[in-house]
Every structure is written in C-alpha cells, then in structure tokens.
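The following features are taken from TrEMBL:
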- 246-255: compositional bias 'Acidic residues' (COMPBIAS)
- 27-487: domain 'Major facilitator superfamily (MFS) profile' (DOMAIN)
- 244-273: region 'Disordered' (REGION)
- 21-38: transmembrane segment (TRANSMEM)
- 86-107: transmembrane segment (TRANSMEM)
- 119-136: transmembrane segment (TRANSMEM)
- 148-171: transmembrane segment (TRANSMEM)
- 183-207: transmembrane segment (TRANSMEM)
- 213-234: transmembrane segment (TRANSMEM)
- 364-381: transmembrane segment (TRANSMEM)
- 393-417: transmembrane segment (TRANSMEM)
- 429-451: transmembrane segment (TRANSMEM)
- 463-484: transmembrane segment (TRANSMEM)
Amino acid sequence: MALPGSLRRQPASRGLVSHCTHHHIVVFLLTFFSYSLLHASRKTFSNVKVSISSQWTPSCLNSTAPELRPYELWNSSHLFPNAEEATLFLGTLDTIFLFSYAVGLFVSGIVGDRLNLRWVLSFGMCSSALVVFFFGTLTEWLHFYNKWFYCCLWIVNGLLQSTGWPCVVAVMGNWFGKAGRGFVFGLWSACASVGNILGAFLASCVLKYGYEYAFLVTASVQFAGGVIVFFGLLTSPKEVGLPELGADEDNSVEEDANRPLMGNDDADDDDRNYSIQATDHDNQPKAIGFFQACCLPGVVLYSLAYACLKMVNYSFFFWLPFYLSNNFGWKEAEADQLSIWYDVGGIIGGTIQGLISDVLQKRAPVLAISLLFAVASLFGYSRSPDSKPINAVIMAITGFFIGGPSNMISSAISADLGRQDLVKGSSEALATVTGIVDGTGSIGAAVGQYLVSLIQENLGWMWVFYFFILMTSSTVLFISPLIVREIKLLLHERRLRMLAE
C-alpha cells in the first residue's frame, strides 16, 4: 500500500543540503549578526541599570559629612530621590520601549512586504544606533538629564528596532524552505541570545570606565553592521538568478507540472536546471493585508501564546542582571557575565527542539512538553541558593525550556504560518505574519515589564516567579487546540503506516 505524499517522511536535511549555496551561507550570517547587534544594544541597557540608577539618585552620605554646595551643581543628575523610584522608572522605560516596539512591528511587517527588505533593515539598524548613542552616551557627556527626553528617545528606539525581526525572518524564509526549517531556524534564532551574550560581554568590559561607554561601543558596532547589510544582503534568491521557493516544497505540484515531459528518470529529483514556461512566478506577488494575515489558521493562537511566553522571556532579558545584583548582592559586572548562561540554554534549546519538530513534522507537541518542563525549572530557579555555579546551571536549564520555545514560535513557526498553502498566491506574507506574532508578543512583554517592577517592589522576587509560572502555563493553554490537533494527526499517520506495512 503506497502512502500519500504528505505521509512519506523525507530526511529534513535532504532538501536543505542539496539546495544550499554560498549565497545561503552569506544570508544566514548577515541576518544572524544584524539581529544579534540589535539585541546587543538592548542588552546593554539592562546590564547597566544599576550604574544608571546610581547616577540618577543621591549618594548615601554620613550624617557628619558636610553638605556639598552649590546644590544645583552636585545634584543636577539626581532625577529621583531614591533607588526605588529610579528602578520603577527604568521599568517604565522598558515598558515604553516594548509598547513602541510592538506598534512598530505591526507596521514594519507591512512595510517590509512592500519595500526592499534590505533598505528597511539597514535604515532601522543605523538609525537605532544613533538613538542609543544619544540616549546613553551623549546625554552623559553633556550632563543632560531629563525624564521626558529619555522617554521620547526610547519610543523612537522601539519603533526603529522593530524593523529588524520581520525583515530578517522574511529574508530567511525567502532563502530556506520547509525542509529542515525547524533546525535551521532553531539554530539561526540563537541570534537574539548571541546578541545578549555580546551585549553583556561588551558592557562588562567597558563598564568600569562609565556606563556611557557601554552604549558607545554597542551603538558603533550596530551602525557598522547596518552599513554592511545595506551593501551586502541579498533578500531573495531571484536577485542572483536562483529559483524562488514555493509555498510548500514538500508538496509542490506546480514544480512537477513544469518539468519536461520527457527526460532522464534517474536524474536528481531536485535538479532545478529545467525550463519553466510563463507561470505565476513571472508576476510580482502582491502582499496580503493585515486582517487577512490575522485570519490565517494558527496566527491568532500562536500570537496570544507568544504574548505570554515573551513576557517571561523578556523579563529575564531585562531584569536578570538586576535580580542577581539586587537579590544576591553580586557585583554588576559579575551578574552581567553570569546572566549569559540563560542565553546559552536558549541557544541549545531552540536548536534541539527545532530539530525534534522537524523529525516529527509537528511543532505544537514539542512546545507543550518543553513548556511543562519550563514551569518546573522556574519553580526550581526561584529557590536557587547563593552559589554562582548552581545558579548558572539552573539558569541554563530555565533558558533551555523557555528560550527554546520562544525562539521556535518567533522564527520557524512564524515562517510556517507565513508560507502555508492559503497564501500560495501571495508569497509576500512572511514579514506581515512575523510582525503580527512578534508584535502581539511584544505587547505582552511590555505589560509584563511594568508588572514585574510593581510585583517586585510590593511583594518581592518570589511572587515575580509565581507570575512567570502563571504566564508560562497560559502559553500552553492558548496552543492547546493546536496541540490536540497535531497529536491526532500524528496518531492518524502512525495508523496509516502500520496499515501500509
């Protein structure tokens, strides 16, 4: 009994390796490091929060110390009377950034599907680098401190940084097909974690000279990266004469229909050197609308799930170094270096879980199992002792089970949703769908950052971790219909294979 084409499992690496060229490698590396640099500049802000808070608040003086005069000169940088208010404002800045980032994602996805992705990405990188320089370096050099100015700059930075993710995912989706997508995107989505590691490393190296130099270094590297992207990135295979990917390479009927009727049956099935008559590829595909993209199957459920999960993931991103310094009394530079282990766990988790989802050809069950382990790891990390080695191990495990699913939803699953069969006639849906998923996730993350600061201030860090456990459980709840459906499909395919044998 012959199996249907959709049930004949092909090795995930077969199509990937056979079609990989040096252009694919260059695109992989350029998009990887471009988003890494964007994340490095974000990580810098979270890594220097203690230094910024100290700069913005008065120093604790002995009661016998003489009062420093003139008062305006010695206290011009003191925006807040105490560290608690400064911490709350830093949380507000995180929220402002993420809200503007979320709004920008919805817009950037639509713009990216209509303009050249390379232009949009390079503009966002270079402009964001300038804003980061103004925010952290120029204001300190000029001794200019103003809460409203900081808020305005961070709103603009969020809008500019939002151009990154939809563009890089769309470019990757144009170059890498569904075969092996879970593994490729799982490995590639480590770009955010690598950016976090890079940002933490750069900040810890220059923090002793002042927090303004941490912003200066990351902004300079990011600006240079934007220039390289502008001159070096190929957004689509058609720019170098290679055939474009179909909506679903595994079941491509159009490709077989356009092969010569007579030919060598022993030729490589993946040989693309055949003549193609005038087809839809000759016409420039139109981008789908925002509401059309929202109506695609799975987009809303994964978006809501990602809102809960990104809230947890970004809380670790923004608050982990501060938590380590505040809760254990460790030095800021040591906390920055230790926080890297969360990202290491996320890199490994995204790659391994993506590979497993390729083998199963299902994403939701892999996510569900990982998130259930994430709940347990969060509970364990909340009770981590005052030991750096033990803390690093539990932190890496937590990153594996939280960062891994987060990377999978934002990259491989977004690419799957943007290239499903319903958008065959409009391949320009990748950036829009990615913007919707990541934008919804960023709204959840924005709300979460303010809630974290409020919960921590009023109830303590233990209740923050209870909040994380609740949000992780909510993620599983939102994707539960997809989990049930994909498990039923797996069981159905297994029964068919047993009958075929």
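Residue numbers in this text run from 1 along the chain shown.
Keep in mind that glycine also has a Cβ here, set from the backbone N, Cα and C atoms.
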Between the stretches 21-38, 148-171, 393-417, which one has more Cβ pairs under 8 Å with the transmembrane segment (429-451) than any other? 148-171
Could you check if the transmembrane segment (21-38) is in contact with the transmembrane segment (393-417), meaning 3+ Cβ pairs under 8 Å among residue pairs at least 6 apart in sequence? no
Contacting positions for the transmembrane segment (463-484) when only residues 6+ beyond its ends and CB under 8 Å are counted: 298, 301-302, 304-306, 308-309, 311-312, 315, 364-365, 367-368, 371-372, 374-375, 378-379, 381-382, 402, 405, 448, 451-452, 455-456
Which residues of the same chain, at least 6 past either end of the transmembrane segment (213-234), have a Cβ under 8 Å from a Cβ in it? 23, 26-27, 30-31, 33-34, 37-38, 40-41, 44-45, 47-48, 117-119, 121-126, 128-130, 132-133, 135-137, 171, 199, 202-203, 205-207, 240
Applying the under-8 angstroms CB criterion, which one of 86-107, 119-136, 183-207 scores highest with the transmembrane segment (393-417)? 183-207
